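Quick look at what Swiss-Prot annotates:
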type: BINDING; residues: ASP85, ASP87, ASP89; note: Mg(2+) binding site
type: BINDING; residues: CYS86, CYS102, CYS109; note: Zn(2+) binding site
Amino acid sequence: MDDPASYELDPSIAQRVKFNSAGLVPAVVQSTDGEVLMLAWMDAHALAYTIATRKGTYFSRSRNEYWIKGLTSGHTQQVTGLQLDCDGDTVLMTVVQQGGACHTGDRTCFDADVII
């Protein structure tokens with residue numbers, strides 16, 4: 001496996017992304033049918049790796065390490081689209097999800113605690 005930390009974000013993209021003070025940007029991940037699957041965090045290296053490989057790759061704040069979705073679970077994400085919101089401070093990724101997107105194994109992280 002390549003190391004996501006070795007990937008550099010294209011400067012023309014980097015200047016458009018507003019990373020927070022920790023160097024992270026939230027990524028909303030949705031399926032190709034528009035279902036929201038999860039929210040995760042990316043740094044510039046994770047974003048660069050995702051663009052280069054088309055594999056959903058994130059930065060785990062709790063483990064302080066890169067996380068390529070499906071590397072251990074087999075529940076992979078093939079990225080088919082990636083865009084920034086109007087402020088450049090959120091990434092929207094469209095993926096073909098194989099297996100569950102949630103760490104619990106569920107398809108989405110947003111089906112366990114429905115409030116309304």
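Glycine is treated like the rest: Cβ placed from N, Cα and C.
On a predicted model such as this, the values are computed, not experimentally measured, just so you know.
If you measure from the Cα atom of CYS109 (Zn(2+) binding site) to that of ASP85 (Mg(2+) binding site), you get 21 Å. Sparsest Cβ environment among the binding-site residues CYS86, CYS102, CYS109 (other Cβ atoms counted within 10 Å): CYS86. Within its own chain, ASP87 (Mg(2+) binding site) has LYS18 as residues 6 or more apart in sequence whose C-beta sits under 8 angstroms from its own.
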